[in-house]
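**Student:** Right, I'll just put the structure down here and ask away after.
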Amino acid sequence: MLSIPSPQVLLALFSMTDLDDSTCKKYIKMITNIVILSLIICISLAFWIMSMTASTYYGSLRPVSPWRWLFSVVVSVVISCNGFKKKSLDHSGALGGLVVGFILTIANFSFFTSLLMFFLTSSKLTKWRGEMKKRLDSEYKEGGQRNWVQVFCNGGVPTELALLYMIENGPGEMPIDFAKQHTASWMCLSLLAALASSAGDTWASEVAPVLSKSSPRLITTWEKVPVGTNGGVTAVGLVSSLLGGTFVGLAYFLTQLVFVNDLDISAPQWPLIAFGGLAGLLGSIVDSFLGATMQFSGLDESTGLVVSSPTQETKHISGKPILDNNAVNLFSSVLVALLLPTAASGFWPTV
């Protein structure tokens, strides 16, 4: 005759077999990470197989190492997910960052470290003294929360240059040497200039409103303007832009020392640091000039904050409503990326 277990026995069995919510979440997270890692490995192997097939078919193409594929995919996923988790990127920004990060990493590790330096420092500075910035900026977002448009305007030019670099030179690191590889060296400096320009502008925008003791001056007329005015510059902002670009150039230079083998028979690489600083400063100046002339700035008399959209309640300060902030960033990045490497090629030291 079968006996029915008592309620106490059933409860004990249930408590032994049933996991609490926190344990379940840990197991689910662990399984999810395993699945994601497995997918990443499969994707990396698939890319490697395609590169090997293309190399065999065309003959002139150099196959990419499977470890390079794996590193490029893993790092891009980790950084994008981390940026989204910390609110530096929104959903679309994380997807855009994934594409930009992957292309720059697979092309050249020096590109990757420069991008990483720009992203990490800019994200930290955006969050720095956020409460104070919220009182000064009408469009302030916690953590930055950059979308795909902002990612494209800051990373679109470097991404296109990285693709052209791979077509010209193939994936891999190389010394900057205009005498031996003029076109590829120009592309590398152009990409560095674009990233350093964006970093310089971001550093100036995030540091100057907090640390500057004096009112900004409009770059076109040198008149004093309220904090947050497009085209307003300060000494603190200009120094910050120089430092921002220098940090990006330093990241590129250090990566060259680690991954490039024939530096002893190539042109000196130390000018990369000065080049990055100059690109950051020039990018900030060009951005300020475009902002002062082609971007509307007005004072909202109801809030006392500077706004970028003309309304009946705003008092015009400077500029015309032709471009928005994203377009200004894109145009300044393009101009610096085109002009500065051409000028640098004439002064770059030789062996």
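Glycine is treated like the rest: Cβ placed from N, Cα and C.
What Swiss-Prot shows for this protein is this:
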TRANSMEM  30-50  transmembrane segment
TRANSMEM  64-84  transmembrane segment
TRANSMEM  99-119  transmembrane segment
TRANSMEM  233-253  transmembrane segment
TRANSMEM  272-292  transmembrane segment
TRANSMEM  328-348  transmembrane segment
**Student:** When each of 99-119, 233-253, 328-348 is checked against the transmembrane segment (272-292) for Cβ pairs under 8 Å, which one has the most?
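**Tutor:** Going through each listed stretch, the top one turns out to be 233-253.
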**Student:** Below 8 Å between Cβ atoms, which of the listed ranges 64-84, 99-119, 328-348 makes the most pairs with the transmembrane segment (233-253)?
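**Tutor:** Between the stretches 64-84, 99-119, 328-348, 99-119 has the largest tally.
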**Student:** List, by number or range, the same-chain residues at least 6 past the transmembrane segment (99-119) whose CB is under 8 A from its CB atoms?
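**Tutor:** Here the qualifying positions are 64, 68-69, 71-73, 75-76, 79-80, 83, 88, 151, 154-156, 158-159, 162-163, 165-166, 171-174, 188, 191-192, 195-196, 198-199, 202, 247-252, 254-256, 259.
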